[in-house]
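S.K.: Take this structure first; my questions come after.
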Amino acid sequence: MSPPAAFWLLLLFAVRSCKGLYPGSEEGWQVYSTASDPDGRCVCTVVAPARNLCKRDPRSRQLRILTEQNVSQSMEVVDLRTSRDLQYVRDSEPLLRGVDGRLHTHVANPYSLTTRGLQELKGQMSQLRPLLSVVEQYRLDLQTLAALRLELLNLSVVLTAIQEEIGAYDYEELQRRVLLLETRLHGCMNKLGCGRLTAVSTPITVRASGSRFGSWMTDAMIPSSDSRVWSMDGYYKGRRVLEYRTMGDFTKGQNFVQHQLPHPWAGTGHVVYNGSLYYNKHQSNILVQYHFRSRSVMLQRSLSGAGYNNTFPYSWGGSSDIDLMADEMGLWAVYTSIPNAGNIMVSRLDSRSLEVLRSWDTGFPKRSAGEAFMICGTLYVTNSHLAGAKVHFAYHTNSSTYEYTDIPFHNQYSHISMMDYNPRERALYTWNNGHQVLYNVTLFHVIRSDG
C-alpha cells in the first residue's frame, strides 16, 4: 500500500526546505537524495534527527541559553562577592566619615588646611579609591540581576505558549508520534532502491590536513551507529592508518588511534568495508584485507593480470593502478591490464575471499580518467582530476552498456587524488590537494512497489 498523499507532501516539503546535507548532522532533517514516484511527485531520502525531539523549535534555544547560564552558580558568585565587598565597605566607613569631616572643616575654614594636612587627606583618599571598583561591580551585578529577571519572564511566556500548543498531549504521546513518523520515513527510504546519478552537490570542506595526496573514508557497510573515520596520507609505501572515533573528532584532529599495516600500500584506492581495510599492496597487484579489530591481515590475493606500479594509473598518476571501492552491490576493483589494452576493467569481488565474481571491459582508457567511483553497480568516470572536472562517462554493469554524461561538480582545490562513494551515507569522499571534501549526490530512483 502506498503512503497517503499527506506523507508525500511532507517529503516534498522536506525536499524544498532542507538544505543541510552534511553526514552526522544532529539538527534538522537530513536529505541525502531526491527522487520521483510513478506519478511524478517529488520524494526524498530523509533521516530524522536522532536526538532531542524538540531541538528544531527555535524557542528551545532560549531554554538552552537559560540552562547553560547555570543560574544557581551565578547567584552564589554574586552572593559571595556581595558579602565580601559589603565587609570592605563596613571597614572603610570610619575612614570615609573621617575624610568627610575634614573636608567639611576645610570648606568652612580654607586657611586651616596645612601642607601636612593636605598630604594626609590625599593619603586617606588613596585608601578609599578601591571603593570605586566596588561600587562599579555593584552596578554590574544589578544589571545582571535585571537581565536574569527579564529572562525568567521570557521563560514564563515561552512555557505558557508551549503548554497551549501541546494542549492535552503529554511528552510520551509526542515521542510516540515522532517515532512513528521516523518509522514511516525509514520505510520510504527502504522503498528507494538504486538510482542513476543526476547531480553532485557543492563541495563541503571537512578538514585541511596531510599532503597533496591521500584518502579518507568511513565504513561503507557497517551500521550508521558506528561513525569512525579513517585517514591514510600519501600514495607511496605508506603504512600508517589513523582511526578517528567520529567525524567531529576527525575535523578537530583528536581522539584517534593508529594502525601500522604489516604491508605498505600503493595508490589511494583503498576502501573500508564491514570492519576491514582493503588495499593494494605496494609494487604488486596483490589485494590485502586488514581487519581493524584484530589488527591483523585476514587475506591476500593477487588480482590476476592487473597492472601495477604506475603501469595503468589514472591521469594524475600516484600508483593509482588498482582502485578498490564499494557501493550498494558490494565490493569492486577498478583496474586494467595489457590484454585489455589499458581500458578500464570493473570486477565484482567476493569480500570474504577476494575472488573475482565477474568482470566487465568498459572500453574507456584508464589513463584518460581523472578518478572513478561506483554507485548502484554503475561506474562513473570523471574527465579530469584538475579544475573544470565533471562526470562524463558511465558504465552500467547490470546491462553491460555505457553512456556519456555531463554532470559538473566544483573541483574547489584543483587536484583530486581520491574520489569514492559511500552507499551508507550517499556521499562522495574526496581528497583534494590536502583537503578532505564531501559531495552529496542526487539520484534518480524508481520506487519499488509493494503491489
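Cβ coordinates are placed from backbone N, Cα and C, and glycine is handled just like the others.
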S.K.: In TrEMBL, Cys194 sits in a disulfide bond; tell me which of Cys18, Cys376 is on the other end.
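M.R.: The record-listed partner cysteine is Cys376.
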S.K.: Which residues, sitting 6 or more apart from Cys376 (disulfide bond) on the same chain, put a CB under 8 Å from its CB?
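M.R.: In sequence order, Cys194, Gly195, Arg196, Asp327, Glu328, Met329, Leu443 meet the Cβ cut-off.
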S.K.: Relative to the Cβ position of Cys194 (disulfide bond), how many further Cβ atoms are located within 10 Å?
M.R.: 16
S.K.: I'd like to know the mean pLDDT over the domain 'Olfactomedin-like' (193-445).
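M.R.: Mean pLDDT, the domain 'Olfactomedin-like' (193-445): 94.
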